[in-house]
């Protein structure tokens, strides 16, 4: 079961030896006045696609795109490995294995949404409502999505045809596409847009680069809708003067943009001309927003100054040590160092206590 403009995909797998051929046929109407038409890749003004592989067994996929009410009917997968399967003169002898699938295409139901669009300039909060007015669909539940993701605690098994969702604060976080989905066969939905001014922010509010090098300034955007136009400006000293930077006017600047990001390349930096404040501005259908980036440009000799400072400190330290060593007084000689030159005292009595030596007086 599908809605108008949806797509349908049917798969068929066949096992046999030798590997069978697979064909797709469309059966419209009821017996005995039904009509049978063989389908091929590119049929119905290229709305039919058939992909088939014959490796270990046969597999074939029928894809129907941009469905209309006329696509409702029976689709038949036929398979045969009879050598005479394509000989029109002997059709009764050829055996085809068949498998069928029904495709039913419905018109889109009427879902009334209020409001159709939410504009941040008009309100700071909103209540979104959906009303399924087509009573032929059996409702088994419903839920809400925000930018394709299911909103927490929004799922319900109620069979109500009227549902609502409240946005407490409208900002770039809550902006986007809100979809109410009714669990019917097939599922039906409607979408409400919540639009706000773009949020524009610098990736880094301060960038440093060396003279003669290249600087890269980046701004990003969030919210819905994203900016359709980006602009860059070089601000004057009082930041009231804005000089537009246009891509391609010179080799100095290059701008690359996507809906949610813009990048400014400033080449061959000059310390006098390029240093300063830059402004990025994003504009969508609601309005514009901007942010600023400060670019600092260092001299080519900037890396040399720390090295020279270290060298100067080393030279000063060596000079101080040299002067200190020159002016320091020599150490005084310790008396203990001359103890070896003093005569040693001897005790004759001790040395000769065991000898009977008499000392005679020369008188």
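Cβ atoms are placed via backbone N, Cα and C, with glycine included.
Among the features that TrEMBL reports, domain 'Ig-like' is placed at 1-95 (among others).
If you look up TrEMBL, you'll see 109-193 (among others) marked as domain 'Ig-like'.
In the predicted structure, the domain 'Ig-like' (198-296) carries a mean pLDDT of 92. The annotation domain 'Ig-like' is assigned in TrEMBL to 198-296 (among others).
Taken from TrEMBL, the feature transmembrane segment covers 303-324.
Among the features that TrEMBL reports, region 'Disordered' is placed at 332-363.
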Are there residues at least six beyond either end of the transmembrane segment (303-324) with Cβ under 8 Å to its Cβ atoms? List them, or say none. 210
Quick one: DSSP breakdown of the domain 'Ig-like' (1-95) into helix, strand and coil? 10 helix, 44 strand, 41 coil
If you run through the domain 'Ig-like' (198-296) with DSSP, how many residues end up as helix, strand and coil? 0 helix, 57 strand, 42 coil
